[in-house]
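Read the structure below first, then the notes.
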Amino acid sequence: MLTKFETKSNRVKGLSFHSRRPWILASLHSGIIQLWDYRMGTLIDRFDEHDGPVRGVDFHKSQPLFVSGGDDYKIKVWNYKMRRCLFTLLGHLDYIRTVKFHHESPWIVSASDDQTIRIWNWQSRTCISVLTGHNHYVMCASFHIKEDLVVSASLDQTVRVWDIGALKKKSVSPADDMMRLAQMNTDLFGGGDSVVKYVLEGHDRGVNWASFHPSLPLIVSGADDRQVKLWRMNDTKAWEVDTLRGHVNNVSCVLFHARQDVIVSNSEDKSIRVWDMSKRTGVQTFRREHDRFWILSVHPEMNLLAAGHDSGMIVFKLERERPACAVQGGTLYYVKERSLRTYDFTSGKDNPLISIRRAGSMGLNQGPRTLSYNPAENAVLLCSDVDGGSYELYIVPKESNGRSEVAQEAKRGLGSSAIFVARNRFAVLEKNQNQIVIKNLKNEVTKKVTLPSLNTDLIFYAGTGNLLCRTEDKIVLFDLQQRATLGEVSTPFVKYVVWSNDMENVALLSKHAVVVANKKLVHKCTVHETIRVKSGAWDDSGVFIYTTLNHIKYCLPNGDSGIIRTLDVPVYITKVSGNSIYCLDRDGKNRVIQIDATEYTFKLALIQRKFDQVLHIVQSLQLCGQSIIAYLQQKGFPEIALHFVKDEQTRFNLAVECGNTEVAVASAKEIDEKDCWHRLGVEALRQGNHEIVEYAYQKTKNFERLSFLYLITGNVEKLAKMLKIAEMRGDVMGRFHNALYLGDVQERVAILEECNHLPLAYATAKVHGLTEAAEELERQLGDNIPSLPDEEKSALLMPPRPILQENNWPLLVVSKGLFEGIFTETVGAADTDGDDGAAGAWGAEIDIVEPEGLDGETVIVVPEEDRGDDEEGGWEMEDLEIPADAHAPEVSFEAAYFVTPSAGVQKSQNWIQSSSLAGEHAAAGSFDSAMRLLSRQLGIHNFKPLKNIFLELHLASQALLPTLVSVPELPLFLERGWTDSTPINAKGSPAILTKLSSLEGKLKVAYKTTTEGKFTEALRLFLDILHTIPVVVVDSRKEVDEVKELLGIAKEYTLALKIELKRKEPALKDDLKSQSELAAYFTHCQMQPTHLKLSLQSAMSICFKAKNYNTAASIARRLLELNLSPAVASKTRQVLQVCEKNPRNEMELNYDPRNPFVVCGATYTPIYRGSRDVSCPYCKARFVPETANSLCPVCDLAVVGADASGLLCSPSQMR
């Protein structure tokens, strides 16, 4: 059984596959209906309107509907697009067991514990027939897929087949339904339109399930008598064909497989069984440890089944559907329907070569898994799972046409996998012996080679004389001649290996990742996928094309990946040629899929810096979309993106981001929105281009910013004009600010006087020595003259003038690149004219419209080019009076222009790019990625104890280098293992504060504190070690083992000390039973001999005082086995002597020293060997199952029972 998807939930009682989408409905005993995407592994929706368990659920074949029936006697019809219940059908008087849609008619059939079957019209929402006859609960009912029949199973030990042909012939319009409803109500127990055709009797107990074969006149049933029965029927009768025995408890559900001649059943004996229909024997059995099975569902189109059990459901396949194949040159060799076939990629011809039939070879999962072809000898090796792993060697005749009915006799042998390694040699893996056997084409052993890795379970071709050996976490390149390891790479569990045509690169495909390496297994890149990776092939240009369940994707040599197109059904790529992808589908049919390779060809040309090719693609406008624009920005080519984007808003955003103010101004003019002008002003100000800043502020009428710009650039003349504009606009604050900027005291006094702030006006005039104005204000104020301090020395406070009053900052002048030059040539003369106009607008003077006749109206300021013939007020641009000898500097825009230097990548960013060590991510300051790594590797979800450790690591990995006064310090990144000879741009690793030696020192202190009996302090130290280990980084494999050993020690002592501190709680002081138990458990933690002796002495004393002599005696015997001092040994023997005279316990303890156990870290109770338990993924502490999904009480970091890949603390683990 190949499990494709699994859920954890309440008991699943009903299942239904969607006919086209990768969806499955699961109805739960808790009353919830879940809608899952089994391909993506995500919960799409949940529906919870039923009151009580939902036992039946079914998708409609074509409409966006599903139906459910539950213990609340209700049948509900739902629309999953609208995500709500459309209506409820009422009529059943007891629990509803199953509900099913008809394949064509608008009908639903339901079976109920009220001993009836009802057929409903879901369009008219009425019951159109009641089928009565069963005299016990009806457990299931379903329509035949083609004929007008219904089959039902009941606890009255019968299976009934009902003929509903008369019902089908009658009209099912809503009006007729309503007319017939009254008639039906008079005869509650059925009518003439649905009659019993057969009653199948043969089961000794209640029948739980019965179902039709989709095409043959067969019925299968399962019952509480633990038997599965097969029935055949014709037009007149039905009879029992055979009984399938094997289940050891009630059979819950039984179905025919949609695409194979097998029967699948499940049972409360916690097993799923597969039966051969022709032989009527069991083929396979799949068991679960603790869960009873309740329901089965089969996909109507695909080779998929689903089973619901006590704690969720599984979606699975019975066997692999991938055809075994191999490509040699322009020919594909593959196995289909017990024959070896060839497919010519050039001509498209498909020909059979030889028959490979063999008795018993085509059972479930018995077909060929892999195929290896030898072109020199025209030989084929087929590997399968027959007999636990075997191979067959065929020599294909030169003139073979595959039409011979007699299968060629193959040379066979046992082995996990077999591949050709030379012209006349092939290698066979013997897993049990951990060796490779080299054989010739006569199937004779020529030599044996011991493998480099102990756990090698599969071998792949790696060139003549070389093999790739797979273990659980790595791939090893092995030379058979030299018997030496040439290279290795750490990978997730690899399923398939694909070599490039030139054998220079290899792609290693695992379930959710693609690892690309060169021929020496030097890692190049890894692409992670959320959906399963299925197959792949190399393009001629060096791009790896691969498929997932629903996409064709590409992977570039630098690790960039993307989607080429979506797939309706999974396919297996065999060859990529230009825009054509050759592939096999699950039925073994060759397909050619046309793709658009422009995107990855463009990206590859960028990476390889083939700019002529890039230019050709850009000019042909074959690319579009935000993803390409984002990619060009990310890779440092914003100028390319800028020139082939037509949307003005996107052009503006790109221009602002890459600092191209020239294009930004042009786009802003087209868009002409306030936000765009504001962003342009901010970017131009950052570059120091005051002319564009001025123009942007003018367009947005941002007078305050404009005034401040003139202030910082020292343009007093324009500041004075801004003062007049503010006066004309009636902007008092604007006038005052401009007067303040200009140092115009008289204007400030006048403004304050106009605003009736006479005391402030007087103070301003008096302080600045404006005697006449002050005297005038004195008269107006009378007795309210404010008192001012006497200051002999006072001066007018003026804003400082800029030393260098140039318009723009000096900029770098750089040569234009290839693309800018070419794109500029294509722009044309129109843009040149526009540039002249724009330059004039930016550098223009500001003119003031005289306020005559305006009577205080607001004056609107606009650029000269936007002013028409009308005489509205606004910005008036006047010609500048430039001296004849003044010449503007001529700059050749064709030759050079400014490019903003791009920021480099921070050193801390380089540290984490290819690192999977959480400690290095924390040291680099990337706390989010460090937490994600710890969550994935160790199941850690509580990061509060790690906060200070993260901060210390980050602060310790950098130093601050003081520079000049008022200049900020320069951060200096400290690297591990750095020397003077280290290259400047070498990729390093951060210096890590926490070292293994410091943890070992802390461990010694914790040991000493424990010996002194300071348990609280010792617990703090051991917890500190537990909290530091996740971010420790070491260099060698040996140190990795030491870290893991330290983790185990810290866990044991933390648990032991928590047990002892629990015993010492005041609440348990008088509870002698708990005191004795906890003291005994304390002695079973793995501690140092010194601490073990102390714990045994303490436990012996406590149990002896509590008169638990039997337990005290067993502890005393353990104590005497240790190296004791004479005094302690004498006392222990005395205690043992007293206890043996009275070998009993005063109270019954939950403690059995003869039965091995571990102590639960949450409840502090023993978990004896053989009992169910769960563990912490980080510290490995064990717990009772009820603790699952809660925070680990021992380490206080990880979630108990969470999935985790394991501790990573060294770069050597990633190589």
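A Cβ is built for glycine as well, from the same backbone N, Cα and C atoms used for every other residue.
Because TrEMBL annotations are produced automatically, they should be read as predictions rather than curated entries.
Predicted, not measured: the structure shown is a model, and the values here were computed from it.
For 338-585, the entry in TrEMBL reads domain 'COPA/B second beta-propeller'. Here the domain 'COPA/B second beta-propeller' (338-585) returns a mean pLDDT of 84 for the predicted model.
Here TrEMBL flags 610-768 as domain 'COPA/B TPR'.
As annotated by TrEMBL, domain 'Coatomer alpha subunit C-terminal' applies to 816-1215.
According to TrEMBL, the feature repeat 'WD' maps to 47-88 (among others).
Taken from TrEMBL, the feature repeat 'WD' covers 89-130 (among others).
Within its own chain, the repeat 'WD' (131-164) is flanked in space by residues 94-95, 97-98, 100-103, 107, 109-113, 115-119, 189-190, 193-201, 203-212, 214-215, 219, 221, 223-224, 231, 233, 238, which lie at least six positions past its ends and keep a Cβ under 8 Å from the stretch. TrEMBL lists 131-164 (among others) with the feature repeat 'WD'.
Look at TrEMBL and you will find 200-241 (among others) tagged as repeat 'WD'. Sequence-remote contacts of a segment are chain residues at least 6 beyond its ends whose Cβ falls under 8 Å from one of its Cβ atoms, and for the repeat 'WD' (200-241) they are 136-137, 139-140, 142, 144-146, 149, 151-161, 247-256, 258, 263, 265, 267, 269, 273, 275, 277, 280.
TrEMBL lists 244-285 (among others) with the feature repeat 'WD'.
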Response to the item:
Per the Cβ filter (under 8 Å) with a sequence gap of at least 6 from its ends, the repeat 'WD' (47-88) is approached by 13-19, 23, 25-33, 35, 94-101, 103, 108, 110-112, 120, 122, 125, 300
Discussion item. Is it possible to list how many residues within the repeat 'WD' (200-241) are helical, extended or coil according to DSSP?
Written reply: 0 helix, 25 strand, 17 coil
Worksheet, complete the sentence: Using DSSP three-state counts, the residues of the repeat 'WD' (244-285) come to 0 helix, 25 strand, 17 coil
